[in-house]
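Q: Residues or ranges marked as ATP binding site in TrEMBL: 135, 136, 137, 138, 139, 140, 141. Positions annotated as domain 'Mur ligase N-terminal catalytic' by TrEMBL: 44-119. Sequence annotations record features per position, and here TrEMBL assigns domain 'Mur ligase central' to 133-339. Taken from TrEMBL, the feature domain 'Mur ligase C-terminal' applies to 366-492. What TrEMBL lists as N6-carboxylysine is 244.
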Ligand SMILES: CC(=O)N[C@H]1[C@@H](OP(=O)(O)OP(=O)(O)OC[C@H]2O[C@@H](n3ccc(=O)[nH]c3=O)[C@H](O)[C@@H]2O)O[C@H](CO)[C@@H](O)[C@@H]1O[C@H](C)C(=O)N[C@@H](C)C(=O)N[C@H](CCC(=O)O)C(=O)O
Ligand SMILES: Nc1ncnc2c1ncn2[C@@H]1O[C@H](COP(=O)(O)OP(=O)(O)OP(=O)(O)O)[C@@H](O)[C@H]1O
């Protein structure tokens, strides 16, 4: 059994014990037949769905998963100090008699888990201003930007997302983009305990489809865009869209700010309003005939970044800038600013705060992160077709020499995007190097071959294949001319590469730095 990191930052230090009988009555949970009388008086002080996270006194929620039933771990959870177990009928059948603690049963454990955790931790979400960001690309960047703006306003924030979880200024690496319900509510309680005013989080389509964030109702939800991704999980683009759309309903948010640059955003505004949600439209690149509440204008881009004015139909206007490169980061910055304004912050207050903070330019690890200037080497997280195309398009105008891109595709994930990624790379770059990403359990050569089919169908670019990612990085960095731009795409901040089920340490940024150091004369940063 693998041990999980038990980071105290991720849970409240104190939580008041609650009677099992009260919880069962509130959440409609029934005792399993063999549960001894008097179970209702037993007390629990939290809930965990993974036995490796039990510290003592919690309710262990044993979930039927895709790989294993959590009930198998109930004895280990009880041995670690769990005071009761909640499971479904299939889990109850797996439990041996004589577990020694009360067992409660409900038909669908994940469906009650969030509410149970929120109840146990005192509804922490209600004590925080709450911001959620969803969309195929840009969630992490927008979340960092909203967080940056709120902190510029003097607020204490908690941040939850793909790169890290941050509680009032202290950070730990994240596991999922959006944590499981029991972990999320514990995290919110830890944030409240640490004195946070606001929560900013990324909400993945998986989390929405699986109800991970319920029963949170966000004050402001933001939508970036929708392009093909995650079809392995959702099946169709329509199902993927509907998962995202569920965030923009009164059940999950009070107000939505929706970028209407793409057709999905425009559809989302209509659908959200039809369902009675307050949906605010934001146009950045959309033409003037597309109706919008907030619109971006007077865009000035130079080597230091992009300045823009965000104007509301009612005349309110904010002028600010972002140093993060690319047209998509203008859209990300505008969305972040509009979300903060829609939470009720006064324009003059945000203007003053952003002026003092130098605009919306947080450091977002592994997102268009520039590691050297000549050659310009950038590590980015683009790992789907649209993100790759956009990242390359953002770099082309400022590349005097060749534009070189190195990337692969993840194994066991949305196979259909692989040739498309190869194609857009070969269309936009001069040199394409196809390497491994995270093959997981899939044969890496097969993944590369599927990417290469798309890349080789385009004439013009030089296309190479270098299986080892570290070797590929070294080769392109050593081979780059001073005027070239090298985009190392796909893994961003990630540090573990999984090949044939085995994790290997690999940090693209470290590999790039090492290669730069061995170029004659070293890098010019
Ligand atoms: C589809 C999905 O969301 N799967 C999640 C689910 O896995 P599973 O159903 O296979 O769980 P399982 O391994 O069968 O275990 C069943 C139960 O036993 C428990 N268990 C298991 C082992 C053990 O030793 N002890 C124990 O108690 C588990 O905590 C679980 O409650 O429960 C696991 C435990 O919490 C998660 O790690 C796992 O996420 C996997 C790793 C995953 O890849 N999720 C992806 C699809 C995901 O959610 N991604 C999105 C967005 C990504 C993006 O935008 O790019 C995200 O929000 O991260
Ligand atoms: N608004 C955007 N539109 C298109 N591409 C973007 C946008 N913002 C960022 N990108 C690209 O997508 C990559 C991932 O960005 P980011 O991490 O902010 O998105 P994300 O939605 O959090 O991604 P993931 O869900 O995979 O964690 C970036 O590295 C960049 O290449």
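Any Cβ shown, glycine's included, is placed from N, Cα and C.
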Q: Please report the distance from the Cα of residue 140 (ATP binding site) to the Cα of the residue listed as 'N6-carboxylysine', rounded to the nearest angstrom.
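A: Distance between the two Cα atoms comes out at 15 Å.
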Q: Any of the recorded positions 138, 139, 140, 244 with a C-beta atom under 6 A from ligand 2? Give them in order, or none.
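A: Near the molecule: 138, 139, 140.
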Q: Whole-number Å only: compute the distance from the Cα of residue 136 (ATP binding site) to the Cα of residue 244 (N6-carboxylysine).
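A: Here the two Cα atoms are 9 Å apart.
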Q: Excluding 135, 136, 137, 138, 139, 140, 141 themselves, which residues in that chain have a Cβ inside 8 Å of the centre of the Cβ atoms defining the ATP site?
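A: Near the ATP site, the remaining chain residues are 133, 142, 202, 224, 225, 332.
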Q: Which numbers of helix, strand and coil residues does DSSP report for the domain 'Mur ligase N-terminal catalytic' (44-119)?
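A: Going by DSSP assignments, the domain 'Mur ligase N-terminal catalytic' (44-119) contains 30 helix, 16 strand, 30 coil.
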Q: For residue 137 (ATP binding site), which residues of its chain lie six or more apart in sequence with Cβ-Cβ distance below 8 Å?
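A: Listed in sequence order: 224, 225, 227, 328, 382, 384, 386, 387, 390.
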Q: Can you see whether DSSP assigns the residue listed as 'N6-carboxylysine' to helix, strand or coil?
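A: DSSP assigns the residue listed as 'N6-carboxylysine' to helix.
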Q: In sequence order, which residues at least six apart in the same chain have a CB under 8 Å from the CB of residue 139 (ATP binding site)?
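A: Listed in sequence order, they are 133, 161, 162, 177, 202, 203, 204, 224.
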Q: Determine, to the nearest whole angstrom, how far the Cα atom of residue 141 (ATP binding site) is from the Cα atom of residue 244 (N6-carboxylysine).
A: 18
Q: Sort out the sequence-distant neighbours of residue 138 (ATP binding site) for me: same chain, 6+ apart, CB within less than 8 Å of its CB, listed by position.
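A: The list for residue 138 (ATP binding site) reads 224, 225, 328, 331, 332, 335, given in order along the sequence.
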